[in-house]
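One structure is given here, and the rest of the page talks about it.
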């Protein structure tokens with residue numbers, strides 16, 4: 001979409017600042033952590049930006065892309081952590097990896113089914129539509145329905161994955177909080193639950209909008 005450059009810069013700086021400050025305020029990271037993370041994000045951007053279209057095309061068009069994506073993200077979650085004690089970092093990482101895998105798989109299915117294809121390049125950039133009561137109402141309705149579906153997906157998968165993981169690995173699940181701190185439970189729970197949330201975000205919710213005429 002075509003929008004003023006200044007607006008985009010202000011939004012990006014404000015969002016980045018809020019995220020960084022919230023991490024420090026909540027005691028999750030130090031100032032040095034935030035600075036290192038910011039510089040690391042710039043490094044990732046510099047390395048991957050030239051090949052982002054190539055990666056995106058692979059994710060969308062290659063037949064076995066979902067299998068590779070799921071396997072790669074799952075392997076990263078399993079082999080990234082060898083912790084002596086429990087840490088929120090492991091679960092957060094599995095959550096991010098799972099959500100990323102779900103989004104990528106949902107995008108792949110959308111492409112294969114011919115849904116939500118990118119507009120032709122000669123039509124870009126798109127112009128923002130005029131904000132009317134109808135447009136605003138539909139946007140709010142889409143937001144509410146989407147949030148409800150995603151929350152229901154999260155709750156359902158959480159209820160299913162934790163007891164199942166405990167049963168498979170013979171871990172007592174009377175104390176769910178304690179059971180979730182075990183890697184054998186935490187990683188499958190986070191990965192599968194948020195993988196389905198990401199998949200719902202990209203495929204199930206838009207399909208629902210199309211079905212009820214809110215696309």
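Heads up, residue numbers simply count up from 1 along the chain you see.
Just so you know, glycine gets a Cβ as well, placed from its N, Cα and C.
Curation does not apply to TrEMBL; its annotations are automatic.
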Transmembrane segment per TrEMBL, picked from 32-52, 158-178, is residues 32-52
Where DSSP helix means H, G or I and strand means E or B, what are the helix, strand and coil counts for the domain 'Phosphatidic acid phosphatase type 2/haloperoxidase' (9-52)? 39 helix, 0 strand, 5 coil
Which one of these stretches, 32-52, 133-152, 191-212, has the most C-beta pairs shorter than 8 Å to the transmembrane segment (64-83)? 191-212
Taking 3+ C-beta pairs under 8 angstroms (sequence gap of 6 or more) as contact, is the transmembrane segment (133-152) in contact with the transmembrane segment (191-212)? yes
Considering the transmembrane segment (95-113), which listed stretch of 6-25, 32-52, 191-212 counts the most C-beta pairs under 8 Å: 191-212
